[in-house]
Amino acid sequence: MSGKFVRASKYRHVFGQAAKKELQYEKLKVTNNAWDSNLLKTNGKFIAVNWNASGGGAFAVIPIEEVGKAPDQVPLFRGHTAQVLDTDFDPFNDHRIASGSDDSKIGIWDIPENYKFHDHVDEDGEPIDIKPVKFLTGHARKVGHVLYHPVAENVLASSSGDYTVKLWNVETGKDMITLKHPDMVTSMSFSYDGNYLATVARDKKLRVWNIREEKIVSEGPAHTGAKNQRVVWLGNSDRLATTGFSKLSDRQIGIWDAFNIEKGDLGGFYTVDQSSGILMPFYDEGNKILYLVGKGDGNIRYYEFQNDELFELSEFQSTEAQRGFAVAPKRMVNVKENEVLKGFKTVVDQRIEPVSFFVPRRSEEFQEDIYPDAPSNKPALTAEEWFSGKSVEGPILVSMRSIYDGSAPSFHEAKRPQQPTTQETALEEKKEQPKVEKPISESEKEVKQEAPKSPSPLKSASSSSTINHVLKEDNSINKLLKKSSDIDQVNNAEDPSRDTSGWEEADDEPAPIKIETPVTPTETKKDRTPKVEPSKELKPEPVSIATDRKQEQSLPQEEKSSEKTKSPEQEKSATPPSSITAAKTAITASSKEEPSAARTSPKSLGLKKSVEKLSTLVLQLEDVVDKLTKANLDKDERLLKLEQKIGELSK
């Protein structure tokens with residue numbers, strides 16, 4: 001994903017660490033139900049786990065601090081008549097939790113203030129089960145997933161086997177909004193501001209809904225594999241991440257523009273491996289890190305998300321596979337130990353193992369760069385306000401510094417990101433830095449140079465006509481040719497287009513001069529000087545200013561040498577500087593080449609110097625033409641995409 005080179009990132013050394021055995025939760029009875037859910041949920045104070053209970057469905061709630069072995073008889077949250085499939089904590093009430101069940105009901109539960117998992121018993125020593133506060137009814141089939149709203153309190157989303165997603169006012173118990181799907185929803189995720197909901201269903205399609213309008217904003221095919229898919233909204237952005245499978249059962253990750261799913265995933269699917277377990281995605285908005293937890297394996301991969309690309313950071317490996325995983329809110333991490341994620345995984349359906357991820361730093365001060373403000377437990381809206389149409393830009397944020405200092409928490413409203421996230425801006429950013437985030441190997445570069453993408457006819461015609469127009473308007477080549485002609489006249493050179501440079505007796509001497517044209521570091525041409533054919537046409541193209549200045553500086557020196565050259569002895573001393581100037585470099589001729597150059601006749605030297613200059617110009621012009629061609633093709637590609645976008649917006 002990021003190639004085999006080392007990226008500069010402050011999260012490059014993030015590592016995962018499992019808790020010691022004495023800090024784990026043991027002797028648990030995790031459900032063996034095959035329904036695809038995370039099995040665990042946590043709010044940083046409690047852990048909810050779907051329980052393998054008889055006589056109807058139930059789940060257990062474990063306070064974080066009550067580690068160790070569970071007693072034989074534990075208090076359970078009972079009330080459903082069938083298996084509990086999913087749970088979710090209220091983000092604005094640490095003692096409120098919702099559950100979805102196979103009995104088509106949604107249970108709302110309150111955790112008692114004095115609740116203890118190990119010692120919540122009556123006078124006879126029997127565990128006291130907790131009853132639901134209310135049931136929400138309205139689904140016709142099992143409720144597979146429940147999810148609380150991130151901004152408004154008492155707003156709950158639920159997906160069911162009746163192919164619908166319902167939005168509930170928990171306080172009144174009414175289903176206010178129903179989003180109908182053609183198949184069962186397997187995963188859903190709210191946007192940062194809570195106005196949109198992303199869903200993936202068994203029809204293999206990804207959808208983004210404007211919830212209160214009950215309309216699909218964007219829709220398109222996602223992963224092609226037969227197994228369930230997952231979706232997560234990537235924080236305060238308009239990007240989504242999905243996990244799924246290809247037709248060949250490769251596990252994949254996809255990045256999407258939430259409001260333009262039709263154009264496909266951004267940059268192609270990332271192939272992870274060929275394991276059979278579903279990848280559970282968790283996104284950390286504060287650090288821009290996407291964690292992928294494999295269901296049925298012990299690996300947790302994590303990637304940094306930047307500029308619509310994922311860059312692999314590392315992988316937490318374990319020999320003990322997990323079926324369930326839960327992540328605590330960011331405000332619950334250990335700030336003093338530079339913990340960036342607090343997670344919990346199930347192990348062999350009998351144990352819950354805490355897993356934390358850390359940024360290794362020695363400083364004992366507050367690390368402000370890795371701890372931006374995080375969502376708090378304060379709601380930004382009430383249920384009535386949200387259902388009536390009121391919106392905010394995001395949840396109420398709490399300062400992580402206040403948590404570090406132990407002072408009174410400071411809150412403020414979330415704001416939209418400063419960078420514009422429109423499609424045009426995203427395309428421009430990717431065009432300006434195409435090789436910084438996803439570098440291309442040398443072999444791929446060679447393939448691209450040999451067989452570039454064939455542009456559309458419109459693009460090709462536009463680019464060629466643009467280049468021709470630019471070349472016709474540019475008069476710099478005429479000036480350069482005039483300078484070259486003046487130099488030839490100064491050195492008494494013959495016109496190379498005329499066949500008058502026959503061999504003379506003086507030309508029969510052995511060891512002719514061999515002048516090589518040095519190539520500047522930016523040039524990719526061969527070192528040897530190619531032959532110049534009289535019939536070759538030079539395409540007009542701007543040449544670097546540095547070359548012009550060097551040639552202008554060489555002119556007065558050569559004029560003086562030609563005026564003072566009265567005898568062969570004086571001409572011998574003037575020849576090496578002029579040949580070096582013609583080569584436009586600072587490389588000095590060797591002592592062996594100087595005598596042979598001095599023995600060459602003035603006429604042949606002048607001709608060779610003009611050939612040398614023309615050869616250098618040809619190489620430079622070819623290089624500039626290549627660069628101009630590439631730049632114009634890139635420009636036309638951007639213009640074409642802009643036109644397509646304008647056309648879509650105008651419809």
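Positions of Cβ are set from backbone N, Cα and C atoms, glycine also.
Range with Swiss-Prot annotation coiled coil, chosen from 189-221, 321-353, 618-650, is 618-650. Here the candidates are SER497, SER554, SER573, and Swiss-Prot annotates SER573 as phosphoserine.
Under DSSP, the residues of the repeat 'WD 1' (79-110) split into helix, strand and coil as follows: 0 helix, 19 strand, 13 coil.
The DSSP breakdown of the repeat 'WD 2' (138-169) into helical (H, G, I), extended (E, B) and coil residues amounts to 0 helix, 19 strand, 13 coil.
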